[in-house]
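Lifted from Swiss-Prot, the feature list:
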| type | residues | note |
| --- | --- | --- |
| BINDING | 305, 308, 485 | Fe cation binding site |
| BINDING | 305, 338, 444, 483 | Zn(2+) binding site |
| BINDING | 338, 483, 484, 485 | substrate binding site |
| CARBOHYD | 32 | N-linked glycosylation site |
| CARBOHYD | 96 | N-linked glycosylation site |
| CARBOHYD | 202 | N-linked glycosylation site |
| CARBOHYD | 378 | N-linked glycosylation site |
| CARBOHYD | 432 | N-linked glycosylation site |
| CARBOHYD | 475 | N-linked glycosylation site |
| CARBOHYD | 495 | N-linked glycosylation site |
| CARBOHYD | 640 | N-linked glycosylation site |
| SIGNAL | 1-20 | signal peptide |
């Protein structure tokens with residue numbers, strides 16, 4: 001017995017001595033801001049395995065299996081020598097980082113320990129080495145994740161940002177970059193782990209301190225003027241100076257970028273899959289914003305399934321860091337989706353919706369969404385948690401140029417007799433069509449889609465029964481939806497039937513193609529290539545498999561929507577609607593397979609005053625996109641006859 005104990009002791013001593021030879025270093029040990037790169041180097045890894053991995057931890061005392069993310073050492077071309085390096089851009093999580101290297105082999109894979117995509121999570125049995133701590137300069141104090149939104153007042157702009165502490169902050173702003181004399185005091189709020197509804201959001205695996213969210217309203221703005229601003233305090237430090245163009249009530253022009261279901265990319269593997277295509281969406285929209293020049297107000301509209309954090313709170317930090325180059329320049333408006341709100345005990349869950357609303361929020365139940373954004377209006381609903389804050393940003397509206405924009409919630413009560421229905425009815429009936437001849441309604445789950453997702457059939461039926469009569473009666477121009485991760489444009493439709501071009505029924509578009517990739521290509525059956533799995537019905541004018549976004553441009557006479565693909569940054573589909581409601585292009589005219597002109601052609605519509613600038617931007621953007629693109633789905637976006645089978649979204 002004693003001999004066996006000694007044998008076991010010396011065995012573990014031997015294993016320890018083998019594994020203890022590894023060393024790790026990081027450079028630099030202090031980063032300035034989110035997005036800065038750290039280089040992690042290691043050496044002395046004995047008998048390296050292609051499953052050896054680098055764990056990323058914040059805060060530094062996190063248990064081994066509570067990583068932020070990981071990278072396999074085999075990502076380094078020299079890993080087989082036992083040495084290598086990996087470069088990572090990091091986001092400021094308001095706490096320090098450490099990095100740990102683990103040895104892992106095929107024989108140690110636990111098939112029951114899986115991530116969201118059913119891939120095995122890495123084993124933590126054999127720790128080889130751990131780095132010193134890495135910190136961000138002014139990590140707690142620095143304001144980050146800056147994003148703008150409109151308020152209910154035409155002469156205001158809201159700015160929201162995050163810091164590590166709740167001490168006093170403000171926004172200072174002005175018309176001259178070095179003369180920011182106007183002050184707006186910021187209000188700080190936060191949420192806690194007990195406000196979350198279930199795991200992983202309320203578990204130690206998914207929870208990280210979200211910091212303080214500050215909200216300041218810049219008031220008394222002149223209309224159509226570029227303002228400069230920064231946020232922070234003299235005591236704690238200031239952000240960089242950003243700028244925006246204020247709303248202009250006298251302008252007839254409306255410019256917007258619109259999409260759903262974008263998410264964000266992470267430079268590491270984590271418990272849930274990141275959305276690599278979201279990088280291209282941000283890149284092309286940023287190109288378009290910069291091409292507009294200095295005097296045009298623009299909005300971004302993200303209609304649900306925002307970050308796809310699903311209970312892993314640091315993903316919200318990654319998301320806001322990714323969109324800050326856009327959202328610090330133009331208002332970033334949102335509506336709630338299933339991955340922000342849904343949980344099993346949500347207050348409104350009628351019998352017909354028993355299989356519609358699940359646990360897609362990962363236990364967040366609308367709390368981070370409600371705290372991190374502040375949209376116009378004052379719509380609220382209870383989360384269903386005794387301690388939880390109310391859900392906000394559910395339904396609201398505002399005017400911009402010639403368009404009245406309306407946002408609704410498909411995750412909370414929208415039936416006749418409810419608060420949201422009353423809001424929508426009153427709002428649509430009170431639109432001044434001489435001022436805003438176009439009305440655009442947006443929500444997450446689609447009223448119309450050729451997806452055969454059985455789980456959502458009941459909600460589509462209820463939306464057509466309760467909401468569609470309001471849209472038709474009040475001559476809504478366009479209805480935009482997400483949730484299905486593809487682009488699809490319908491005719492001017494009512495009760496599943498196309499009307500005449502001049503009748504003025506709403507044109508419905510599904511635009512959930514900004515990043516989420518959980519749905520594969522619609523392809524014909526192998527033994528029946530002439531028969532698509534989901535045939536395109538007569539009321540579906542165009543279906544596209546290319547990731548991308550929508551551009552909206554409108555004046556008093558005409559509204560144009562263009563579908564821009566991420567692969568090439570070019571326009572793949574266009575629909576134009578007159579103020580009378582007549583659809584004058586993009587109708588069912590026998591040209592379903594055609595594109596509606598090149599990017600330079602669209603520039604004439606989109607940037608009438610700056611076509612030459614846009615053409616240069618397109619050429620530059622095309623080559624940047626081509627060079628930076630790592631992968632491309634074969635045939636995607638080339639024709640609407642290359643069908644894509646829409647599978648059920650992950651549950």
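Positions of Cβ are set from backbone N, Cα and C atoms, glycine also.
Sequence features, as recorded in Swiss-Prot, placed on the structure.
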| residue | record | DSSP class |
| --- | --- | --- |
| 32 | N-linked glycosylation site | coil |
| 96 | N-linked glycosylation site | coil |
| 202 | N-linked glycosylation site | coil |
| 305 | Fe cation binding site | coil |
| 338 | Zn(2+) binding site | helix |
| 378 | N-linked glycosylation site | coil |
| 432 | N-linked glycosylation site | coil |
| 475 | N-linked glycosylation site | coil |
| 483 | Zn(2+) binding site | coil |
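If you measure from the Cα atom of residue 378 (N-linked glycosylation site) to that of residue 483 (Zn(2+) binding site), you get 25 Å. Taking the Cα atom of each, residue 96 (N-linked glycosylation site) and residue 32 (N-linked glycosylation site) are about 13 angstrom apart. Cα of residue 485 (Fe cation binding site) to Cα of residue 202 (N-linked glycosylation site): a distance of 28 Å.
Non-local contacts of residue 444 (Zn(2+) binding site) by the CB criterion (under 8 A, 6+ apart in sequence, same chain) comprise 260, 303, 304, 305, 335, 336, 337, 338, 409, 410, 411, 481, 482, 483. The number of other CB atoms found within 10 A of the CB of residue 495 (N-linked glycosylation site), across every protein chain shown, is 11. Nearest Cα neighbour of residue 495 (N-linked glycosylation site) among the listed recorded positions (308, 432, 475): 475. Residue 432 (N-linked glycosylation site) and residue 475 (N-linked glycosylation site) are 12 Å apart (CA-CA, integer value).
Summary for the glycosylation sites 32, 96, 378, 432: the Cβ-based neighbour count within 10 Å is maximal at 96. Taking every pair among 338, 483, 484, 485, the residues recorded as binding substrate, the greatest CA to CA distance is 13 Å. When secondary structure is read from DSSP and collapsed to three states, residue 444 (Zn(2+) binding site) falls in the coil class.
Spacing of residue 32 (N-linked glycosylation site) relative to residue 308 (Fe cation binding site) is 27 Å (Cα to Cα, whole number). Listed in sequence order, the residues of the same chain lying 6 or more apart from residue 202 (N-linked glycosylation site) and placing their CB within less than 8 Å of its CB are 193, 194, 196, 363.
Most buried of the binding-site residues 338, 484, 485, judged by other Cβ atoms within 10 Å, is 485. A distance of 14 Å separates the Cα atom of residue 308 (Fe cation binding site) from that of residue 484 (substrate binding site).
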